[in-house]
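Below you'll find the structure, written out as structure tokens, and then a few comments.
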Number of protein chains: 2
Amino acid sequence: MNKIYNPKREDWKDVLRRPTQTVADIEGLVNTIFEEVKTSGDSILKKYTQEFDKVTLENMLVSDVEIEKAKALVSNDLKSAIQLAKSNIEVFHKAQKTGRVAVETARGVSCWQEKRPIQKVGLYIPGGTAPLFSTILMLAVPATIAGCSEIVLCSPPDKEGQLNPAILYTANLCGVTKIIKVGGIQAIAGMTFGTESIPQVYKIFGPGNQFVTVAKQIATKHGVAIDMPAGPSELLVVADDTANASFVASDLLSQAEHGIDSQVILVSTSKTMINAVEKEVALQLEELPRKEIARQAIANSKLIYVEDDQMAIDLINEYGPEHYIVCVANEDFYIDNTQNAGSVFIGNYTPESAGDYASGTNHTLPTNGYAKQYSGVNLDSFMKSMTFQKITKEGIQNIGNAVELMAEAEGLQAHKNAITLRLKSL
Amino acid sequence: MNKIYNPKREDWKDVLRRPTQTVADIEGLVNTIFEEVKTSGDSILKKYTQEFDKVTLENMLVSDVEIEKAKALVSNDLKSAIQLAKSNIEVFHKAQKTGRVAVETARGVSCWQEKRPIQKVGLYIPGGTAPLFSTILMLAVPATIAGCSEIVLCSPPDKEGQLNPAILYTANLCGVTKIIKVGGIQAIAGMTFGTESIPQVYKIFGPGNQFVTVAKQIATKHGVAIDMPAGPSELLVVADDTANASFVASDLLSQAEHGIDSQVILVSTSKTMINAVEKEVALQLEELPRKEIARQAIANSKLIYVEDDQMAIDLINEYGPEHYIVCVANEDFYIDNTQNAGSVFIGNYTPESAGDYASGTNHTLPTNGYAKQYSGVNLDSFMKSMTFQKITKEGIQNIGNAVELMAEAEGLQAHKNAITLRLKSL
């Protein structure tokens with residue numbers, strides 16, 4: 001871990017620099033696969049599944065029988081845990097519902113705003129060693145609350161052509177309408193254009209490796225929206241002497257085990273705490289199954305000592321952490337003054353992993369400093385707001401002249417004329 | 001105008017195809033200018049202003065003196081019109097404020113969501129013949145309500161090195177913090193990286209030609225967000241025999257005068273109305289100063305007859321119009337069943353131009369079918385939502401086991417450990 005004491009403001013940019021993202025030059029490959037999928041549909045998806053996932057699939061669509069089998073394979077304990085998490089996520093995301101906003105801006109001029117669901121959404125869930133069923137909870141639960149009518153899930157099959165039972169169980173539990181066994185660039189292309197098996201969707205959500213990340217970027221060029229740009233996961237902890245060094249170390253390590261490019265930062269006004277956390281990290285690291293990954297992430301991590309809270313908050317706002325744990329006596333100062341963060345975890349008993357799984361907040365959050373301008377996934381991510389207006393004869397008389405003047409000043413005579421004709425008719 | 005009677009569902013895609021966007025292959029040029037601006041800052045901005053706008057500027061930043069001079073040049077009538085529009089836009093956008101959403105998802109697990117302003121935003125206002133001061137109202141008013149601390153406006157100078165007085169007056173009135181005389185690709189690059197004169201911003205809003213459109217796309221690769229992807233403006237009117245053909249024609253023409261690639265569609269269950277609108281368009285067109293532009297847009301426009309309301313609404317939802325005027329007896333059917341539209345104008349006295357300028361709704365809306373998944377600009381466009389959570393000892397005992405089980409099932413032992421350590425301490 002790199003200890004940095006009192007970095008100067010002009011050095012913050014360097015101190016806070018994130019690990020270089022290793023998005024290789026794969027745009028060419030992505031463009032090729034997109035073209036092929038657009039032209040050939042399912043047949044090319046199967047070809048790539050054979051090539052990348054080493055399995056030949058007759059049918060990519062998961063059947064009811066497969067779902068029933070999967071249900072039997074998930075332990076009752078895990079089912080209960082998933083149900084508890086689902087319930088908390090539902091409560092928090094249902095609370096985010098907003099009603100119609102209606103005002104009469106001038107007499108006879110009624111304007112209102114309503115949110116309506118994005119009808120078709122696609123969720124991408126990566127394959128690999130860890131079956132990320134928690135991400136299904138985070139995406140399918142709000143999609144269902146929003147009222148999306150088509151919720152498509154794509155995930156790459158294993159060499160037996162199967163998806164992990166926990167994936168199927170959770171997807172079925174959370175209202176996913178169609179599950180397709182396909183992964184990688186070809187899955188994103190399939191949801192972008194639609195194929196015989198995959199419905200075309202309007203917005204694609206979910207994490208993935210660099211191939212999926214680039215494919216999602218390219219998808220936006222073809223009229224599809226995405227949840228947010230991706231980057232390595234990251235955690236910043238601010239802690240003073242009231243924090244528990246062992247807890248803080250466990251949080252830093254839980255972030256570090258995600259990947260070697262994960263970013264982990266401790267900011268503290270206490271050198272004692274910095275030293276204590278450093279020791280605890282070294283101790284706990286040895287016990288982890290994924291210690292080789294965590295060790296590399298920790299090697300790049302930073303323990304930053306600053307002299308006071310104001311300096312700390314300025315530095316934190318400059319960074320804009322995805323996950324942000326606040327373990328300090330004067331927590332209100334940090335809560336009130338944080339401008340840029342994805343999700344904030346407050347106090348000694350609020351580890352990041354609570355929010356990753358089961359507290360109810362969403363774990364799909366802006367990385368890479370994007371907390372400065374992007375929201376984490378929330379109910380509104382699955383809706384779009386539309387405006388409506390209805391103007392009476394009195395209303396057009398109240399605002400008509402202003403519109404005529406402004407349209408004329410902008411040189412748009414036909415805009416003016418649409419008002420003039422109506423005013424003259426009255 | 002092209003009349004299409006009862007198009008078959010399988011032909012809708014072709015019938016509703018939008019004019020090809022003429023985004024030329026200018027990514028190379030954009031990337032070059034971005035690199036130059038990143039490296040050389042103001043000096044290269046001035047070079048391009050000389051090259052493209054034909055004026056040599058000592059100082060790109062608009063001074064207080066320039067603003068005071070501009071104020072004196074705007075007529076009192078226009079000032080009053082702008083103030084009335086501003087007031088309505090304020091009322092509607094202030095009403096969109098949402099409070100903190102707080103719930104206890106499980107006993108001892110408090111979660112809340114809060115929206116905080118995007119600190120630094122950039123507004124781009126095109127130059128050219130029409131000074132789009134109305135767009136400043138639509139962007140700077142909600143930015144100010146949101147609480148953005150830095151609101152930067154870039155707009156290209158004329159050959160005298162000036163901005164239109166109405167632009168300066170409106171920007172000053174609406175709380176823009178800095179106005180810079182620079183346009184095109186170089187302005188977008190400047191706001192992306194920051195230069196001596198232009199502050200770096202986190203999100204860029206506003207319309208522009210194809211160079212600006214591509215520059216905004218490229219800006220997203222450099223960590224900046226944008227309001228939404230751009231496309232030619234468009235209007236769809238649904239009208240039955242209760243509509244006024246002359247009014248409808250004036251609305252179609254107000255859209256058509258925007259540009260030759262503007263898209264204009266009338267959907268009707270009445271052949272009589274279709275024929276009447278066609279005649280009215282021909283008549284009114286001849287009176288317009290911008291008739292050459294409007295004529296070309298109208299040539300590509302469509303009058304679509306469908307047999308019943310259900311067919312009409314399905315077709316409209318398939319299209320997802322940016323602007324959408326509803327002039328029918330059973331308007332509630334259309335309002336309730338519209339899934340995809342940017343802004344909806346209801347009744348004979350609600351022309352699009354009312355919303356373009358002064359009713360209070362925003363005129364920055366999703367084109368190109370993006371209404372299926374994007375919101376128009378609204379108060380939330382200038383904020384990001386953050387989540388917070390605070391868990392007590394009781395709370396972690398309530399959800400801790402579920403988190404442990406799920407983390408273990410996902411193979412993330414350090415995530416589990418962050419819970420286990422805390423549970424053991426209790």
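Using N, Cα and C of the backbone, Cβ positions are placed for all residues, glycine too.
Any TrEMBL annotation is an automated prediction that lacks curation.
Copied over from TrEMBL:
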type	residues	note
ACT_SITE	A:GLU322	active site, proton acceptor
ACT_SITE	A:HIS323	active site, proton acceptor
BINDING	A:TYR124, A:GLN186, A:ASN209	NAD(+) binding site
BINDING	A:SER233, A:GLN255, A:HIS258, A:HIS323, A:ASP356, A:GLU410, A:HIS415	substrate binding site
BINDING	A:GLN255, A:HIS258, A:ASP356, A:HIS415	Zn(2+) binding site
TRANSMEM	A:123-145	transmembrane segment
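All features noted in TrEMBL, drawn onto the structure.
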| residue | record | DSSP class |
| --- | --- | --- |
| A:TYR124 | NAD(+) binding site | strand |
| A:GLN186 | NAD(+) binding site | helix |
| A:ASN209 | NAD(+) binding site | coil |
| A:GLN255 | substrate binding site | helix |
| A:GLU322 | active site, proton acceptor | coil |
| A:ASP356 | substrate binding site | helix |
| A:GLU410 | substrate binding site | coil |
| A:HIS415 | substrate binding site | helix |
Sites among the binding-site residues A:ASN209, A:SER233, A:HIS415 close to chain B [C-beta, under 8 Å]: A:HIS415
Nearest of the recorded positions (A:GLN186, A:ASN209, A:GLU322, A:HIS323) to A:GLU410 (substrate binding site), judged by Cα-Cα distance: A:GLU322
Close in space, distant in sequence - A:ASP356 (substrate binding site), Cβ under 8 Å, 6 or more apart: A:SER134, A:HIS363
Rounded Cα-Cα span from A:HIS323 (active site, proton acceptor) to A:ASN209 (NAD(+) binding site), Å: 20
Between A:HIS258 (substrate binding site) and A:HIS323 (active site, proton acceptor), the C-alpha gap once rounded to whole angstrom: 13
Cβ-based isolation winner (fewest other Cβ atoms within 10 Å) among the recorded positions A:GLU322, A:GLU410: A:GLU410
Candidate with sparsest Cβ neighbourhood (10 Å radius) among A:HIS258, A:HIS415, the listed binding-site residues: A:HIS258
NAD(+) binding residues A:TYR124, A:GLN186, A:ASN209: largest Cα-Cα distance, in Å and rounded to whole number: 13
A:TYR124, A:GLN186, A:GLU322 filtered to the recorded positions whose C-alpha is within 10 Å of A:GLN255 (substrate binding site): none
Candidate binding-site residues A:TYR124, A:GLN186, A:SER233, A:HIS415, pick with smallest Cα gap to A:GLU322 (active site, proton acceptor): A:SER233
Rounded distance in angstrom between the Cα atoms of A:HIS415 (substrate binding site) and A:TYR124 (NAD(+) binding site): 44
Those residues of the chain, 6+ apart, with a Cβ under 8 Å from that of A:SER233 (substrate binding site): A:GLN255, A:HIS258, A:GLY259, A:SER262, A:GLN263, A:GLU322, A:HIS323, A:THR367
Other CB atoms within 10 A, centred on A:HIS323 (active site, proton acceptor): 26
For A:SER233 (substrate binding site), the three-state class that DSSP assigns: coil
Fewest Cβ neighbours within 10 Å, where candidates are the binding-site residues A:GLN186, A:ASN209, A:GLN255: A:ASN209
Chain-internal residues, separated by at least six, CB under 8 A from A:TYR124 (NAD(+) binding site): A:LEU153, A:CYS154, A:SER155, A:ALA187, A:ILE188, A:MET191, A:ILE204, A:PHE205, A:GLY206, A:PRO207, A:GLY208, A:VAL212, A:LYS216
